[in-house]
Amino acid sequence: MKNVLVVNAGSSSIKYQLIEAETGIRQASGLVERIGEPQGRILHRGERSDEHELAVPDHTAGFTAMLDAFARHGLAAQDLGIVAIGHRVVQGAGEFSAPTLLDDRVTERINALSELAPLHNPGHYQAIVAAREVFPDVPHVAVFDTAFHQTMPPQATTYAIDTAVAAEHGIRRYGFHGISHQVVSRRAAEFLGRPVTELRQLVLHLGNGASACAVDRGRSVDTSMGLTPLEGLVMGTRSGNIDPGALLHLMRAGLSPDDVDDLLNQRSGLLGLTGTGDFRDVRAAADRGEPEAELAIAVMVHRIRHYLGAFFVSLGGADAVVFTAGVGENNAALRADVCAGLEWLGIRIDPERNAAPNGEARRISTDDSPVAVLVVPTDEEAEIARQTWDLVTA
Ligand code: ADP
């Protein structure tokens, strides 16, 4: 059996999935967390699940803990059939527009890009170094969240500030969630039975993190996230768009850059508006008539519709609007709110289809709706495995 190990690591955690290369079927998955703390933990799901507390001083120990978990399930390292390892990397900036084989130089470039992604790239780097040490004999591939958006035209990537300052600090729009937007737009096209290269799609990835993407015939031409994954939609704990003047105002009032970072990344969005960042809780509170929760959802919907309108224009009309990720796949009421009153745009939702839960790709618009509205589950790990396998077998 040929398997790709997909690694999605942060500075204190490693998420992994073992995926059969040719079929995309998931064999096992797990999470090592609290790396570097006195007591860490591994949750492993193979044929059965198990949970183990242990010290995981660093990422190398994290991969060893993963191998031990497989061994407890009767699978020694050499039985895992790992033919390649695909690493998710959030920030590839303007340097990486495709999956890239990891050698020493690429590994160091990912570390150097930490400046643009201080919350993400340092953890990826640590995991890549450790994984290359633990698995020296297989190819390692970096799959970037920014790569899919490298096709955005300059007018969509440029912030209107002094060009010299922008160039010196790498200030431009990169966009994120590219792996998800890519797999979802491809699967939506498959569902519709049409080549992705013929479709104008508007993909709404609504999870804890959230972003919209205008996908024009398979290429990203605009997206809501920018220099960092903070711009754009209202998220679980992130503000999305805010007047940059508000930041200046807060800093003049005495907040440090770290305070503002913490405010906008960790204590804003649904959490800031309601006290909880989990959409299910906010929805339940809104259903009970709690005004803060109702307002939070209204703000979230208003912002999504803002981008819906903008990207319809960017694309010159859309063939499909596609909902994905935790909220987009699971909450019919949110989808109904986003699409409400848009019949004039060609969006006609079938309420029964919208309400029918289903884990597969499906249509929630009426058969005569000019714009197909779909729910398509995202699967970033399967896409990383696919891109990794494609690269190593090319
Ligand atoms: P992440 O960005 O962490 O990958 P997910 O795509 O898993 O996030 O989405 C997490 C969000 O999806 C949470 O706000 C959660 O409340 C929401 N969610 C998950 N399941 C449901 C559900 N059945 N109904 C409504 N919201 C859901």
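Here the Cβ of each residue, glycine as well, is placed from N, Cα and C on the backbone.
Features of the protein shown, as given by TrEMBL:
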ACT_SITE  ASP145  active site, proton donor/acceptor
BINDING   ASN8, GLU380  Mg(2+) binding site
BINDING   LYS15, HIS205, LEU206, GLY207, ASN208, GLY209, ASP278, PHE279, ARG280, GLY326, VAL327, GLY328, GLU329, ASN330  ATP binding site
BINDING   ARG88  substrate binding site
SITE      HIS177  site 'Transition state stabilizer'
SITE      ARG238  site 'Transition state stabilizer'
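Known features from TrEMBL, placed on the structure.
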residue : record                             : contacts (Cβ under 8 Å, 6+ apart)
ASN8    : Mg(2+) binding site                : ILE14, LYS15, TYR16, HIS87, ARG88, GLU380, GLU381, ILE384
ASP145  : active site, proton donor/acceptor : ARG88, VAL89, VAL90, GLN91, GLY92, PHE176, HIS177, GLY178, ILE179
LEU206  : ATP binding site                   : LEU233, ILE304, PHE323, THR324, ALA325, GLY326, VAL327, GLY328, LEU334
ASP278  : ATP binding site                   : GLY236, LEU270
ARG280  : ATP binding site                   : none
Candidate with sparsest Cβ neighbourhood (10 Å radius) among ARG88, HIS177, ARG238, the listed recorded positions: ARG88
Lowest local Cβ density (other Cβ within 10 Å) among binding-site residues: ASN208, VAL327, GLU329, GLU380: ASN208
Cα distance (Å, whole number) from ARG238 (site 'Transition state stabilizer') to GLU329 (ATP binding site): 20
ARG238 (site 'Transition state stabilizer') and ASN208 (ATP binding site), Cα-Cα, nearest whole angstrom: 9
LYS15 (ATP binding site), number of other Cβ atoms within 10 Å: 18
Of LEU206, ASP278, ARG280, binding-site residues neighbouring ligand 1, Cβ under 6 A: ASP278, ARG280
Maximal Cα-Cα distance (Å) across residues annotated as binding ATP, namely LYS15, HIS205, LEU206, GLY207, ASN208, GLY209, ASP278, PHE279, ARG280, GLY326, VAL327, GLY328, GLU329, ASN330: 23
